[in-house]
C-alpha cells in the first residue's frame, strides 16, 4: 500500500490511508480550543486583580498546555499510529499533519525528542502558568519565561534539523506553508512576545529592589 | 582506511588517523581554561561589590562561553574535520571526543543542531553574562537563567536522541563514562544549580516589589 507523503522513497509498511477530511480534523481541534479559550476568559473575569493581558495569557497557556499534553502527547506515546486498523481522531490528525512534515510518520529522532520534551515538561508547566497568573504567584513570570524558552528552543531544533536533513518533507507548497510554517509560527511569535514581556518585568523588579535597598539600609542605620 | 569509532559499520571515507595523544589534547584545554579562570578570579576581585559566588559565576561563564564559541564553534563550522590532511588542534580534539560519541564524526543532524545553537547563541550570551554580573545589570539573573535553560535543553536533546538512535556510539565503557557522561555532566549540574539560584533571586525580587507596592500606594493616598 502506497502513502501520500514526501519523499516518495519513505518506507511506511502497513500504512492505513487517512479517512477523515481536513475539515473533519481541523474543526474539532479549533472548536474545542475556542470553547476552552472562552471558558478561561469568562472564569478569569471573576478572579481579583487580573488585567486583560493576564486573562489573555491564561487563555493562551491553557490552550498551548492542552495542545502539548493531549495532541503532542498522543503522538509521542503512539508509535505506529499510521498503521492502526481502527485509527482514532489523534492518529488521523497526525497522518494529516504529516503531509506538511513526514518526519512525524517516519518517527524522526530529533522531531520525536522535541515533541517528548514539549509534551512531558512544557505541557504541565503551561497549565501551571494558568494557575500562577490567576493566583499572582511570585514565580509567574519566570515560569512563563521558562516555558517560552523551551518552546522557542524546540522550534529552533525542529526547523534547523528539517533544513539539515534535506528540507523535502512536505507533499506540496500548500502543506509547507499551511502546516510546517503556518501552524508552527504561532509557537514562535507568541512565545517571543511573552518572553520579552517577562524579561522586562523581571528586570523592572530588580531595578525596584535596587532602589529600595539603600533606603532600607538607611533606615536600619537610624 | 579504517576508523576507531563505533558502530563499526559507520562510513568515514578519507578518515585521517588521530595523531595527538589523549593528554596532548586534554592538557592545552584544561591548562588554558585554568589560566582563564585564574585571570577572571583575580580581575573580578578588583570589581566593586561582588560576592565570592558572583566571582565564581564570572569564572564559569567565561570558561563555558569560550568553550561554546571556540571549541564547539570549530566543530560546527568545520565539516569534514576528520579527513583533513593537516588537522589542527581542534580537528584532533573532535576526533578524540568522537571516541565517546561517534555522532560528531558522523555529523548527526540533531547533534550538529544542538552544537550550532550552543556555539552561536549561548556562547556570546555566556560572555555577556560575565559583563552583566561585573556591572550589576538588572538583567543579570534572567540572562544567566536563559543560558542555563538553553544548556539544559541542549543536553536533554543530546542524551534523548542518543538513546533513541541506539545508544551505541562509544568505543568502550571508558569513553562512554569519561566523555559522553563525564564531560557533559558539568553542563547538567552546573546550569541546574545556577538556574535554581536565579529562579529564587527572581522570585525574591517580585516578592520585594509586592511588599513595596501597597506601601507606596498608601503613601500616594496621604
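Glycine is no exception: its Cβ is also placed from the backbone N, Cα and C atoms.
Source: prediction; values computed, not measured.
Among the features that TrEMBL reports, transmembrane segment is placed at A:25-44 (among others). For the transmembrane segment (A:25-44), the list of distant contacts is 50, 54-56, 58-59, 62-63, 66-67, 71, 89, 92-93, 96, 130, 134: same-chain residues at least six beyond its ends, Cβ to Cβ under 8 Å.
Among the features that TrEMBL reports, domain 'EXPERA' is placed at A:53-195. Sorting the domain 'EXPERA' (A:53-195) by DSSP state (H, G, I as helix; E, B as strand; all else coil) yields 110 helix, 0 strand, 33 coil.
Taken from TrEMBL, the feature transmembrane segment applies to A:56-82 (among others).
Sequence-remote contacts of a segment are chain residues at least 6 beyond its ends whose Cβ falls under 8 Å from one of its Cβ atoms, and for the transmembrane segment (A:112-133) they are 40, 50, 54, 57-58, 61-62, 64-66, 68-69, 72-73, 75-76, 139-140, 143-144, 146-147, 150-151, 154, 157-158. Feature annotation from TrEMBL assigns transmembrane segment to A:112-133 (among others).
What TrEMBL records for A:145-164 (among others) is transmembrane segment. Remote same-chain residues near the transmembrane segment (A:145-164) are listed as 61, 64, 101, 103, 108, 110-111, 113-114, 117-118, 121-122, 125-126, 129, 180, 184, 187-188, 191-192, 194-195, 198-199, 202 (criterion: CB distance under 8 Å, separation of at least six residues from the stretch ends).
Annotation comment: TrEMBL describes A:176-196 (among others) as transmembrane segment.
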Per-residue pLDDT averaged over the domain 'EXPERA' (A:53-195), given as an integer:
97
